[in-house]
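A.B. asks: First the structure, which I've put down as structure tokens, then a few questions once you've had a look.
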Amino acid sequence: MRYQWRSLLFRSYRSSPRPFLSHHSRFQVISNSTRSFSSFLHERFGVQQRQCLFALRSPLASSVSRRFSSESAIEEKLPAETVVIDVFSRLNGKDEITKELDSNDVVISHELALRVLRELESSPDVAGRFFKWGLEAYPQKLSSKSYNTMLRIFGVNGLVDEFWRLVDDMKKKGHGVSANVRDRVGDKFKKDGLENDLERLKELFASGSMDNSVDKVCNRVCKIVMKEVWGADVEKQLRDLKLEFKSDVVKMVLEKLDVDPRKALLFFRWIDESGSFKHDEKTYNAMARVLGKEKFLDRFQHMIEEIRSAGYEMEMETYVRVSARFCQTKMIKEAVELFEFAMAGSISNTPTPHCCSLLLKKIVTAKKLDMDLFTRTLKAYTGNGNVVPDVMLQHVLKSLRSVDRFGQSNEVLKAMNEGGYVPSGDLQSVIASGLSRKGKKDEANELVNFMEASGNHLDDKAMASLVEGHCDAKDLEEASECFKKMIGKEGVSYAGYAFEKLVLAYCNSFQARDVYKLFSELVKQNQLKPWHSTYKIMVRNLLMKKVARDGGFEEALSLLPMMRNHGFPPFVDPFMDYLSNSGTSAEAFAFLKAVTSKKFPSNSMVLRVFEAMLKSARHSEAQDLLSMSPSYIRRNAEVLELFNTMKPEKCSLEKPLPAPAQIEA
């Protein structure tokens, strides 16, 4: 029977239980995200940055601050139309233009071409240069709307000759002049007194030539197809139109029939078998986009295989839109198969790194993290020789954190490592910090072991982030062990930051004396050189009143020689506060002995101690200290004058400085 496909298409559709693409198919499936439908189409990251939907703008800033626990910030890219306008405003050479666009990951699409032209309405030279370049480089991307937009630019800017030349070109290509262009340009002609051109424009419409514009033809065809059940009568009405079907018309008809994919497919088959039109890459892809829905999954599969069999490629616009639909409807497995298929196409037409990143984000945020799908996506991407960039892992990590699955970051890292990826030091820090801060002790240790096994040790920044994370999680014991492992592997050269975080965490947990033991051990046995600020934190906390009474004062004193040996000036302010408030004369004398490498400190230091005690009305303790001092101090004129001028009846009690509480870095 003629057109046997008709009866098949009218059968009730039943979902096929078989996979999207059988494993016998030599075609794999690719995934380029689609706009929802329009926004996703223009968000391409790599070679087609603005064509991926679900774009979470975002690429993480890869630097980690001195805290090493910072989250990557997402770097926002300029809109593609802004980049294109800038390029064509500056450059003229084709090679220069192409190179510049490629370096900015810009790919021309129908929508992008329209946006660029609309932005350039007041710049006809730049618009004309872009349009001419587009005709040569991407003729299939310039639709009837693009032609009309360029026509309007010529008309409203008074470029009459260029306007009529383009009208003639449009007639040859089957494009009509829109009513909007007629009205806008007609007003311009009238204003400029161009009566002949105005009359010519009116005649163009009066002749009825516009009845064959793409939009008009499309509307007539769609009205016939949608009005009745498909049959011989519908086919007769279509033949009676006596239309010469062109690619743009067929594509537009299929897009408008998107609401009824069955009728779109009937029209698609009929127009080919009736000899009215031979399908090209543009119309094949338009049909595939219409069928790319859950209900028509089998037919979509057959269509994209048919595209390849006919010697054409699945356009990125097709991949992007269909992939977006799959992801929106939670068809993640089908989206991965589509990605595999697309990656098996020509190298110049495969999904970009950004599209791969978007799909990976959808996988890790799905109801259940399917690592098999994650691995398949990476294999499809790296199979073409692509290299996984840091930004891809950054996006995935952010997505894991958003669904509280950061603990599974090791699984993700292992899968990416199989493709040859090694995370940068900054990303190692992000993972290490994230795991330890969440209290994922086992996972944090697993990260260290995995990196070692793969021959890539965590660097000093990442180890510091691990220590800091354990500190933030209040797991001081694990933080201490981690720090010891760190200096055991990396040495003490870059341990200052991590050690200060460790000291601070102990002090804020009121365990200054515990961390003092670790402090002394590491300085004496491991030649650790703490920062000056770390010494200050230790001294302040050991001299807190209760801690000082229980032995903290003596421990704080012992830090003064260490400080001196490391080339730092002694930190004496907390000692002055302590001695003026509650310190004994014996403690004051011990301080004076410890603050210098000589037998006794300078007169100025001694005077400072006496003054602090006398100002706080601690005359008895000051007298005791004086009696313990060397004779040259007891006979010193300045010392005697100080005691004379600050006798009890002349000295007013000054409010002592408050004892330091928790110290922050």
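Glycine is no exception: its Cβ is also placed from the backbone N, Cα and C atoms.
Straight out of Swiss-Prot:
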- 1-37: transit peptide (TRANSIT)
- 280-314: repeat 'PPR 1' (REPEAT)
- 315-349: repeat 'PPR 2' (REPEAT)
- 352-388: repeat 'PPR 3' (REPEAT)
- 389-423: repeat 'PPR 4' (REPEAT)
- 424-458: repeat 'PPR 5' (REPEAT)
- 459-493: repeat 'PPR 6' (REPEAT)
- 495-530: repeat 'PPR 7' (REPEAT)
- 536-570: repeat 'PPR 8' (REPEAT)
A.B. asks: Under 8 Å for C-beta pairs, could you tell me which stretch among 280-314, 389-423, 424-458, 459-493, 495-530 has the largest tally with the repeat 'PPR 8' (536-570)?
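C.D. replies: When the Cβ pairs under 8 Å are tallied, 495-530 comes out ahead.
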A.B. asks: For the repeat 'PPR 8' (536-570), what are the DSSP-based totals of helix, strand and coil residues?
C.D. replies: 28 helix, 0 strand, 7 coil
A.B. asks: Check the repeat 'PPR 8' (536-570) for me and report the mean pLDDT.
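C.D. replies: Mean per-residue confidence for the repeat 'PPR 8' (536-570): 92 out of 100.
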A.B. asks: Per DSSP, how many helix, strand and coil residues does the repeat 'PPR 7' (495-530) have?
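C.D. replies: Helix (H, G, I), strand (E, B), coil: 27 helix, 0 strand, 9 coil.
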A.B. asks: Going by DSSP assignments with H, G and I as helix and E and B as strand, what are the residue counts for the repeat 'PPR 6' (459-493)?
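C.D. replies: Helix (H, G, I), strand (E, B), coil: 28 helix, 0 strand, 7 coil.
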A.B. asks: Going by DSSP, how much of the repeat 'PPR 1' (280-314) is helix, how much is strand and how much is coil, in residues?
C.D. replies: 27 helix, 0 strand, 8 coil
